[in-house]
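Below is one structure, written out as structure tokens; the observations come after it.
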Amino acid sequence: MALRFEILGRFNRARAAKLTLPHFVCETPLFMPVGTQGTIKGLTTSQLEEIGCHIILGNTYHLALRPTSELIHEMGGLHKFMNWPRALLTDSGGFQMVSLLHLADITEKGVTFQSPVDGKPMLLTPEESIQIQNRIGADIIMALDDVVKTTITGPRIEEAMYRTLRWIDRCIAAHKRPHEQNLFGIVQGGLDPVLRDICVRGLVDRNLPGYAIGGLAGGEDKDSFWRVVAQCTAALPEDKPRYVMGVGYPLDIVVCSALGADMYDCVYPTRTARFGTALIPEGVLKLKHQAMANDTRPIDPTCECTVCKKYSRAYIHCLATKEAMGSILISYHNLYYMMKLSRDLHSSIVDGRFPEFVCTFLQKMFPKGDVPQWVCNAMEAAGIDISSCCTPPDTNHANDVTRPDNNTSDCPKEESNEVL
Amino acid sequence: MNFSVKALSNGGGRAGLLQVGSCSFETPALLITTRKGLPTFISPDMLSSLPTPDCRLLQFSPLHLLESISMKTISEIGGLHQMLGLQEHVFAAVPRDGIISLPDYQSANKTGASFETPCGRLLIKPVQYMEMISSMKPNMWSTLADEVPAWVSEKRNKTSVDRTLRWLDDCIKSPFAKNTGGAVFGSIVGGSRIDERKRCALEVAKRDVSGFCIGGFGLGESMDERPALLNAITECLPEDKPRQICGLGLPEEVLQGVAAGIDLFDSSYIYHLTLGGFALTFGSEGIAKHGSEDRLTDSCGDGTKINLKATIYRKDASPILEGCKCYTCQKHTKAYLNHLFNTHEMLAHILLEIHNAHHYLGFFRMIREAINRGKFNEFRQKFVATRRDYIIGAASSA
Ligand SMILES: [Zn+2]
Ligand SMILES: [Zn+2]
């Protein structure tokens, strides 16, 4: 085990912790931006430090293809290769194969797929995934799991869950750098509480440094989503970090944190930036919208990032989706927003004002008091009283602001890597 | 704006001091070409990692903003500097940028100049141009020109001079002109005709302008005919006003311009290099360490630029240029840049534009130093010869 996880504060199920990894001391709850190919699109590593990013994700599948894990190893590991002094996390690569490659096939041996280089069939085994991740050298590496779509039902879910459990032992056995890299197991089991329970217990028995809740954010309904998170966080050990994979909407992060999750990743903030959408407390701001052309306010008047300090919506409107600088500036703001959200979650839990933070957050996002039912349900389970923000206050609803679709966790396949 | 010539060197070349507000710049200088006011890839915070004050001279085309934001909104925001968050920077407005706003002489007519832009073809009339200038309030702005390529007929070339002179008067006399707060640079055209170039320069010099913007270069004329044209123009211009040029980008072209007494250049060359994955590496030692031109000669052996996409850099753990003080060379290896280019990552262009801009600003510093030492001619000849030798050497060994 190459991490320390110290809980600094709690509010019911929510916790704020100090997560000490080989390369950085992180604070949770924590959003981790996705840097698929060894870079967060459009931002320098200095900017990422300035924004306050603690951990960056790399995608094993993409890195193994280019520049290859051997090359990264030869260059001294991914930290050195991309010159990122803070923490890194790599996924197993299996998810990308299943979601990006049509001809991927999962057998007991591993994931068989057609090589995108020469079209030949290739096999990614749990051992190989770990070997590649050992070469890349991230602080946290992920076990290869049998990934199935959340919307699938029937015996395939059960098969995938048991296979994930069998593969974890192969991953543990193959892991050559347990004192420098932390292997996280992934809880599978679809939306079935019985299967999830078996999987959690199986993984906890292995005493891993941390655990991820997988197979979510794939289009399931929000009530199922939070219930799975709530079930898993309740059953996972208190003293280990819990990572909900592929979750990235601010609202989802607040809800999951209330339920006791600690870490999140998603390409949403940076991808949506490239399409001209900025994250703001009220929801999202579509900077391409014609109304922005004459709006001299900053993206978010309450944001303290350099983009909001310097630029008007009107100017960003000129750049959005047209110029590289549009992506750069909106990505900067969006990641700043996500990291600020992480810091606010952390400090409000430590300072014992988590419910107030949640209520303020919800009030801004739902000024009419129309907090979605699933959020109310989840908060009730989390023991957070949000009744004050469910009564409509007498304010005008800003009509230039829209919210992302919060009815489903539609951070689908592409949300765990970012290539385009 | 204030300008004074501080030193003249043999073989042409003048070193000057350009003062704009509280900023002063030594010339010859590079204006960093922008896209809608910001560098293409270098964000404002990274821009400040480039040498100061050199990095504060920016060139922009008002036409870039025409389609997406109203002039009223720009005025409301407080003009260009405020809108771009670059209050400390100096902006020189030129309608043509050499990248995405190109003169389209066939569609120009007596009422205005035409440009090919990403928003399609735009016909810009003097009054409309002046409205843009008065809303944006750049520190310097050049008047609207009817730029024509080298191959047009004598008649068309003459028309271009006539129109450019008329539009100059239209711009200066426009009611918006009082409101700009910026220094006027009179545009000079005349194509490849020495007589027309002279006529235009002499006429513009009679007007109440603070500087000159020489247009119509880089539009099909040959390198060989350029010195005579440039000299013909600068001979007609007063010594004490700055001269800006558009369309000369390559190091040899810049040296040609400097030799003829040009003070300000644009950086569209860097943009094209960066897009192609090329990193400038010439005169590395000299630029990195303030060295003399002897060192330039020594280190030119490795060529003038490298292509970071080349397979040989796959595992190259060294920076683009040993000794370079730019952000990119301080932080990243060729191997990483090679990977970023291979995977089409935006960071590739960001990091490379930083290095190239840093490097080219360094090249201009070396030019200034050579002029100040009275050795510009030697500097130029050595530079050109070394580069030529390298190209010949590379060709014969290939
Ligand atoms: Zn901001
Ligand atoms: Zn450099």
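Each residue, glycine too, has its Cβ placed from N, Cα and C.
Bear in mind that TrEMBL entries carry predicted annotations, made automatically and left uncurated.
TrEMBL annotations:
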type	residues	note
DOMAIN	B:12-387	domain 'tRNA-guanine(15) transglycosylase-like'
BINDING	B:CYS324, B:CYS326, B:CYS329, B:HIS355	Zn(2+) binding site
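Overlay of TrEMBL feature records on the structure.
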{"residue": "B:CYS324", "record": "Zn(2+) binding site", "CB count, 10 Å": "21"}
{"residue": "B:CYS326", "record": "Zn(2+) binding site", "CB count, 10 Å": "25"}
{"residue": "B:CYS329", "record": "Zn(2+) binding site", "CB count, 10 Å": "24"}
{"residue": "B:HIS355", "record": "Zn(2+) binding site", "CB count, 10 Å": "27"}
Given the Zn(2+) site B:CYS324, B:CYS326, B:CYS329, B:HIS355, its other Cβ neighbours within 8 Å of the Cβ centroid, in chain order, are B:PRO319, B:ILE320, B:LEU321, B:LYS325, B:TYR327, B:THR328, B:GLN330, B:ILE354, B:HIS358, B:HIS359
Rounded mean pLDDT within the domain 'tRNA-guanine(15) transglycosylase-like' (B:12-387) lands at 93
B:CYS329 (Zn(2+) binding site) -> DSSP, reduced to three states, gives helix
